[in-house]
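Undergrad: Input: one structure, supplied below.
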Amino acid sequence: MPEDSYIPQAKNDGAFQDLKRRRANDGHTEFSRRDRVHDVQPASIYSNVKENKPAWMRSADENKDKKYDQYGSRVDNGTLQQSLGVAKQVPTASASTTTVSAKVESFSAEKAINTANPPPPSTTTTPSSTTSSSSSFPSSSSLYLKYGNIGLGGRGTDPRMDRVKRNREQLEQSLSIREHLAVEENVNDEGSQPKGDGEVNPYLHLDVANPSVIHTQRDEAHYRTFHSKISDRENRDINSIVRQHYNERTQQSKRQGRRTMSPIYKLRNFNNTIKYILLGNWAKYSSAEGNAPKIFSVLDLCCGKGGDLNKCEFIEIDQYIGIDISDLSVREAFSRYSKQKARFKSHSGARTANKYNFEACFATGDCFTETVPDILEPNFPGIIDQAFPVDAVSIQFALHYAFETEEKVRALLVNVAKSLRVGGTFIGTIPSSDFIRSKIVEKNILKDENGKFKFGNSLYSATFDKEPPADGVFRPAFGNRYTYWLKDAVDNVPEYVVPFETLRALCEEYNMTLRYKKNFIDVFNQEIPKYFSKLNKSLVEGLKRSDGKYGAEGEEKEAVAFYVAFVFEKVT
């Protein structure tokens with residue numbers, strides 16, 4: 001059988017029973033805690049924040065600082081003193097994340113628009129502790145102000161809100177006008193100036209409810225490939241670019257068209273399969289010792305829009321914690337989880353198919369410059385005591401952003417090492433430094449029309465501003481920047497080379513030992529026979545090649561070979 005493909009073989013169904021996740025304890029298999037205990041209470045920490053007064057308004061707890069000790073002592077200027085044998089200080093980026101008050105103000109502004117000139121939103125209001133009074137309810141006309149100025153006379157004068165049935169001629173004329181305006185809007189969008197971070201609007205292109213307008217399926221016939229509108233990339237910091245890029249990605253994904261029409265649909269399926277395999281093989285529950293939480297928990301750093309939520313259900317976790325720098329991505333992840341969680345309700349205590357059976361919480365933050373408690377505790381008081389240490393920390397397609405500086409990498413590894421239990425795993429995917437070196441040594445990197453050095457194909461490319469070293473070994477190991485482009489996914493975003501031996505050496509400083517490292521092609525070829533019958537049918541069909549076999553081919557194969565998977569285990 002060729003190494004770059006897979007043909008499924010018929011096997012006894014009983015051979016795949018071991019694919020069901022079981023929790024290991026001293027080498028013996030056990031069933032899920034939820035299978036054994038039917039009256040178990042939810043692992044969510046949401047119940048702990050339903051108080052009349054927000055967490056940041058309550059009196060300080062004399063033991064509060066103890067929960068931060070394991071992540072390093074804090075000093076007056078806001079920097080963190082790293083532990084675990086590292087004597088460096090990592091500055092906290094003041095503008096890298098959304099503060100608690102800013103998030104509360106944003107939430108209040110969206111949810112509490114009462115009049116044409118509303119008062120400033122209160123910074124003491126949170127989604128979990130919002131209070132209402134009779135005077136705070138908006139009038140019937142002001143309810144529509146948040147959708148824009150529909151008419152001078154309120155809802156009664158807006159022809160779009162009429163419930164009177166229009167005749168066929170009027171309807172066809174209305175549809176014709178809408179199509180004409182849509183074309184003009186697309187032209188204007190392409191020629192408009194890019195917006196800054198503060199101008200990104202998460203509510204663009206929402207249709208006002210109008211039963212008189214028939215929504216045709218013309219949009220499904222055309223797929224709009226993602227393009228970002230980030231200006232002045234050369235002079236902006238990496239955090240600002242990454243945040244705006246993924247905010248725009250979240251916005252545009254809702255109006256691109258059917259996902260199956262994406263030019264990288266098969267490539268995405270391949271990458272998702274790799275992540276299923278990694279989490280399925282390496283994210284394991286272990287019986288808790290002492291006061292550690294007796295739940296199977298995963299910390300997902302740089303969680304994005306929650307693309308790995310299905311994978312966490314696949315391995316049957318109990319608690320999910322997601323952190324990302326993009327506030328719109330975090331909002332989308334929470335929305336995705338909430339909708340799926342509410343689809344089916346189970347009162348038996350057993351896991352239910354087609355729904356998320358785990359509890360989850362999400363937060364906006366930069367895990368490269370802030371500690372995990374600083375990100376989570378303001379919104380989820382007590383979570384560090386209740387849900388940590390975790391069984392696995394996952395960071396997918398994001399760690400390379402930290403290699404801008406050594407300080408950022410060390411800050412990330414402090415968060416990982418301090419969040420993991422002993423025996424827990426650090427699971428991730430990064431660009432392969434070996435792949436980049438091979439492109440350089442084999443002279444497959446060319447100078448483009450702008451004098452920059454580039455390799456890739458029609459699906460992906462990596463562009464260096466200056467000529468890389470002839471031997472492909474970057475010195476020093478940090479700050480080696482290139483611009484990465486992946487069609488319909490990553491639109492010329494700065495990334496940094498991750499010399500793997502440097503990552504390995506740093507992880508060993510934080511008591512994490514390498515257990516697994518393979519490029520994506522090898523992971524797929526070696527593991528897919530075990531997982532083929534377990535994965536979702538549509539995901540598997542998305543892996544089918546033009547010759548009927550399964551795997552990556554052509555330019556897709558080169559694009560996925562750009563990445564490598566790794567697993568580190570915390571030993572002490």
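Including glycine, each Cβ sits where the backbone N, Cα and C put it.
As listed in Swiss-Prot for this protein:
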REGION    1-75  region 'Disordered'
COMPBIAS  24-39  compositional bias 'Basic and acidic residues'
COMPBIAS  59-69  compositional bias 'Basic and acidic residues'
REGION    110-140  region 'Disordered'
COMPBIAS  123-140  compositional bias 'Low complexity'
DOMAIN    262-571  domain 'mRNA cap 0 methyltransferase'
BINDING   LYS275, CYS302, ASP324, ASP366, GLN396, TYR401  S-adenosyl-L-methionine binding site
SITE      LYS305  site 'mRNA cap binding'
SITE      LYS311  site 'mRNA cap binding'
SITE      ARG336  site 'mRNA cap binding'
SITE      HIS400  site 'mRNA cap binding'
SITE      GLU495  site 'mRNA cap binding'
SITE      TYR563  site 'mRNA cap binding'
Undergrad: I'd like to confirm something. Which of the recorded sites, LYS305, HIS400, GLU495, has a Cα closest to the Cα of ASP324 (S-adenosyl-L-methionine binding site)?
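TA: Spatially nearest to ASP324 (S-adenosyl-L-methionine binding site) by Cα position is LYS305.
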Undergrad: Quick one: which of these recorded sites, ARG336, GLU495, TYR563, have their CA within 10 A of HIS400 (site 'mRNA cap binding')?
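TA: The recorded sites passing the 10 Å Cα test are GLU495.
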Undergrad: Select the closest residue to LYS275 (S-adenosyl-L-methionine binding site) from the following recorded sites, measuring between CA atoms: LYS305, LYS311, ARG336, GLU495, TYR563.
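TA: Given the candidates LYS305, LYS311, ARG336, GLU495, TYR563, the nearest one is LYS311.
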Undergrad: Between the Cα atoms of ARG336 (site 'mRNA cap binding') and CYS302 (S-adenosyl-L-methionine binding site), what distance do you get, rounded to the nearest Å?
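TA: Rounded to a whole number, the Cα-Cα distance is 16 Å.
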Undergrad: Quick one: pull the CA-CA distance for GLU495 (site 'mRNA cap binding') versus TYR401 (S-adenosyl-L-methionine binding site), whole Å only.
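TA: With distance taken Cα to Cα, TYR401 (S-adenosyl-L-methionine binding site) is 6 Å from GLU495 (site 'mRNA cap binding').
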Undergrad: Work out how many Å separate TYR563 (site 'mRNA cap binding') and TYR401 (S-adenosyl-L-methionine binding site) at their Cα atoms, rounded off.
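TA: Per the Cα atoms, TYR563 (site 'mRNA cap binding') and TYR401 (S-adenosyl-L-methionine binding site) stand 14 Å apart.
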Undergrad: Return the residue, from the listed recorded positions TYR401, TYR563, with the maximum count of other C-beta atoms within 10 angstroms of its C-beta.
TA: TYR401
Undergrad: With a 10 Å radius around each C-beta, find which of these recorded positions (ASP324, ASP366, GLU495) has the fewest other C-beta atoms nearby.
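TA: Minimum Cβ neighbour count within 10 Å, taken over the recorded positions ASP324, ASP366, GLU495, occurs at GLU495.
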Undergrad: When the Cα-Cα distance from LYS311 (site 'mRNA cap binding') is computed for each of the binding-site residues CYS302, ASP366, GLN396, TYR401, which gives the smallest value?
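TA: So, of the listed binding-site residues, the one sitting closest to LYS311 (site 'mRNA cap binding') is GLN396.
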Undergrad: Can you name the residues of this chain that are 6 or more positions from CYS302 (S-adenosyl-L-methionine binding site) yet have a C-beta less than 8 Å from its C-beta?
TA: ILE323, ASP324, ILE325, CYS367, ILE395, GLN396, PHE397, ALA398, LEU399, TYR401
Undergrad: Can you tell me the CA-to-CA distance separating ASP366 (S-adenosyl-L-methionine binding site) and LYS305 (site 'mRNA cap binding'), as a whole number of Å?
TA: 15
Undergrad: Quick one: mean pLDDT on the domain 'mRNA cap 0 methyltransferase' (262-571)?
TA: 93
Undergrad: Per the record, S-adenosyl-L-methionine is bound by LYS275, CYS302, ASP324, ASP366, GLN396, TYR401: how many Å separate the farthest pair of Cα atoms?
TA: 22
